[in-house]
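Have a look at the structure below, then the notes.
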Amino acid sequence: MTTAPPDNFWNDTGRTGISSWIFSTDHKRIGLLYFYSVLTFFLVGVALGLLLRIELMAPGRTIMGPQTYNALFTVHGVVMIFLFILPGFPGAFGNLVMPIQIGARDVAFPRLNLFSWWLYLAGAVIILVSLFTGGGAPDTGWTFYVPFSTRTGTNVSLAVVGVFILGFSAILTGVNFVTTIHRLRAEGMTWTRLPLFTWSLYATAWVQILATPILAITLVLIFSERVLGTGLFDPSRGGDPIMFQHLFWIYSHPAVYIMILPAMGIISDIIPVFSRKPIFGYKMIAFSSLAIAAAGSLVWGHHMFTSGMSDNAVLVFSFLTFIVAIPSAIKVFNWVSTLYKGSISLEAPMLFALSFILLFSIGGLTGLILGAAATDVHVHDTHFVVGHFHYVMFGGTGFAFFAAMHYWLPKFYGRTYSQRGAIVAWALMFVGFNVLYFSMKVLGMKGMPRRYYDYLPEFTTLNLVSTIGSWILAIGLLIMLMNLFRGLFRGTPFTGNPWGGATLEWSIPTPPPTENFIEEPVVTHGPYDFTGTGRP
Amino acid sequence: MPSDTTAGHIASYGKLTAVWLCLLILTGLTVLITRMDLGGYKVVGALTIACTKAGLVIAFFMHMRYEGRLLRGLLFLALITLALYMGLTFVDVLYRGLP
Ligand code: HEM
């Protein structure tokens, strides 16, 4: 597969074939297992998203009826959230790169790490089974709101079991990463020399540990409502349906920081490398990761302004929401300051990183419109929200994921892709993305609700535009993947440190040896100190 | 590994019994406050007592008192988080239906 010398992690195990992968405890192999799993589910999710957009291309029934539409947006949401974006960064790139970045040979608990992947797979299989058994695919939306989720005849029970298991996978990864970062740093790798990607994974891991159990409890409660009829969320029996929304968002809002923090981490690693300048405000960026994780855990109520919760709570949560904007803005300002007077080279990883900054900022600023209670009342549950979260999750985390793919995968494969192909793909995706989702924001402002398969005639033109955008995006995505994987398997050899990175992963042979380091590393400089890294 | 130095610590029977008695008394208190007319604050009272009990169990029976600073700090973080989650939920529940 690669032309590198035989002593690298691709050809080191006694086993061969698939068992050398699915039973391996090497963090790099587990990282690649995660990578290919999440990528597969991402593509499934994209296919479903494209179908949703085709349905919305014209008013009335286009290719599916209301029930199918409800099931498809639910499955699209569940797949994208629980099977792609939440495990994506920690599982794939966290595993691949983090131990190397801190100078360790592996994570603290390698077997637990493999177990996390197996749990992930088990959860995924259960969710897939739930689509075709019982009453068919869930139609509640990915949020499983009561009372509908306790009454619908579709197979919500099995789906929540699957998500429950995925939660455990995430908790175990979190425990593993916190322990690894505390205990296994190489000599000289002080906390202030930790690469910012690792810092962001550290903050993320804490959110995974602290918030995910709440999701588990919430799902158990839905399950018991459905199976045992406990009545916890049923007002006619003294229950409280709004309590479900609290429990759900206590987890799911911090979860959006599980999605975005590692993405911010990778951007903080890429921007200085391609600007040939140390990162501006290292400590503030590291600190803001922790601040986002902490403050972000206290703002869940902003999803519930129109739910009927008390006005006091609306006030408090609206205020707290504005606080999260501060550490987020710190990051954006610091990235821009890093670029200032840098020697910028616009290769593929950098283009994805720069578009992250723009798209994330648009997503974040529209988030403030939703976070302010007065304006949220008007756009709640409209396509404005759909536009907003795709900007953050896809334009943010998704594009950062592509940046990471173009930045790190050649290091692990020893071969690289064509820059020209990657840049063409990036341009198509960037244009397609904005056409697709900006139209949604405008539609939402005009009052088009989300989660309906049909709409009023006045929304026709923009919906058509949006659907055309989704095709441009899909073509770009296809070109990107073909170009990348053709490069990784058959492209030109990739050796040394061509980008000129100063973090530890660039100091080891390509592809990395099994034990990562040929001799124990001793760290003597910071992660963004580029003196002597080779690139002019 | 700093926390290894405390491995094998054994607390005296006297101390353990005292903790156990405290737990029993607190349980009695929980039952008592259900009889009092405290409105929404009843839940706050019950939760306070439950937290104190959990704290005693963690500190003595689970040996957290004898662990190093790091582990204690990490546990504390988890507890604070839970307390904040509950506290903020009460900002809604306690005032629901008021103008
Ligand atoms: C080509 C890519 C994509 C397309 C065309 C697309 C399209 C859509 C559409 C049309 C909806 C439903 C709108 C409605 O009627 O409410 C939707 C919902 C959603 N999408 Fe996407 N999407 C894409 C990618 C993504 C990605 C990458 C993510 C996350 C990482 C994502 C997460 C979600 C979520 C969470 C929902 C909400 C589902 C619900 O209402 O329960 N999507 N998407």
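Here the Cβ of each residue, glycine as well, is placed from N, Cα and C on the backbone.
Remember, it's a predicted structure, so these values are computed and weren't measured experimentally.
Annotation comment: TrEMBL describes A:21-524 as domain 'Cytochrome oxidase subunit I profile'. Confidence across the domain 'Cytochrome oxidase subunit I profile' (A:21-524), taken as the mean pLDDT and rounded to a whole number, stands at 94.
Taken from TrEMBL, the feature transmembrane segment applies to A:32-52 (among others). Sequence-distant contacts of the transmembrane segment (A:32-52) (same chain, six or more residues past either end, CB-CB distance under 8 Å): 21-22, 63-64, 69, 72-73, 75-76, 79-80, 83-84, 87-88, 91-93, 95-96, 117, 120-121, 124, 412, 470-471, 474, 477.
Under the heading transmembrane segment, TrEMBL lists A:72-97 (among others).
Long-range contacts of the transmembrane segment (A:117-136) within the same chain, counting only residues at least 6 positions beyond its ends with a Cβ under 8 Å from a Cβ of the stretch, are 30, 33-34, 37, 41, 71, 75, 78-79, 82-83, 87, 91, 152-155, 157-159, 161-166, 168-169, 172. The feature transmembrane segment is assigned by TrEMBL to A:117-136 (among others).
Here TrEMBL flags A:156-178 (among others) as transmembrane segment. With a threshold of 8 Å between CB atoms, the same-chain residues lying at least 6 positions outside the transmembrane segment (A:156-178) that come near it are 78, 82-83, 86-87, 90-91, 94, 98, 107-109, 112-113, 115-117, 119-120, 122-127, 129-130, 133-134, 138, 140, 144, 149, 201-202, 204-209, 212-213, 215-216, 219-220, 222-223, 226-227, 258.
For A:199-223 (among others), the entry in TrEMBL reads transmembrane segment.
According to TrEMBL, the feature transmembrane segment maps to A:243-267 (among others). Beyond the ends of the transmembrane segment (A:243-267), by six or more residues, the same chain brings 81, 85-86, 88-90, 93-94, 143-146, 170, 196-201, 203-204, 207-208, 210-212, 214-215, 217-218, 221-222, 232-233, 289, 292-293, 296-297, 299-304, 307, 309, 331, 335, 353, 356-357, 360, 392-393, 396-397, 400-401, 403-404, 407 to within a C-beta distance below 8 angstroms of the stretch.
Within the chain carrying the transmembrane segment (A:279-301), a Cβ under 8 angstroms from the stretch's Cβ atoms is held by residues 192, 194, 196, 199-200, 202-204, 206-207, 210-211, 246, 249-250, 252-254, 256-257, 261, 264-265, 268, 271-272, 309, 313-314, 316-317, 320-321, 323-324, 326-328, 330-331, 334-335, 337-338, 340, 371, 526, 528, all 6 or more beyond its ends. Positions annotated as transmembrane segment by TrEMBL: A:279-301 (among others).
Below 8 angstroms of C-beta separation, residues 264, 267-268, 271, 279-281, 284-285, 287-289, 291-292, 295-296, 298-302, 304-305, 357, 360-361, 364, 367-368, 371-373 of the same chain, each at least six residues beyond the ends of the transmembrane segment (A:313-336), sit close to that stretch. Per TrEMBL, the feature transmembrane segment maps to A:313-336 (among others).
Under the heading transmembrane segment, TrEMBL lists A:348-369 (among others).
When Cβ-Cβ distances below 8 Å are used as the criterion, the transmembrane segment (A:389-409) is approached by residues 80, 85, 88-89, 93, 96-97, 256, 259-260, 262-264, 266-267, 269-270, 348-350, 352-353, 355-356, 359-360, 362-364, 366-367, 417, 422, 426, 429, 433, 436-437, 440, 480, 484, 488, 499, 505 of the same chain, each at least six residues removed from its ends. Residues or ranges marked as transmembrane segment by TrEMBL: A:389-409 (among others).
If you look up TrEMBL, you'll see A:421-440 (among others) marked as transmembrane segment. Sequence-remote contacts of a segment are chain residues at least 6 beyond its ends whose Cβ falls under 8 Å from one of its Cβ atoms, and for the transmembrane segment (A:421-440) they are 53, 346, 348, 351-352, 355, 359, 383-384, 386-387, 390-391, 394-395, 399, 402, 406, 462-463, 465-477, 479-480, 482-484, 487.
If you look up TrEMBL, you'll see A:460-481 (among others) marked as transmembrane segment. Distant neighbours of the transmembrane segment (A:460-481): 46, 49-50, 53-54, 56-59, 402, 421-422, 424-437, 439-440, 442-443; these residues of the same chain sit at least 6 beyond its ends, with a Cβ under 8 Å from one of its Cβ atoms.
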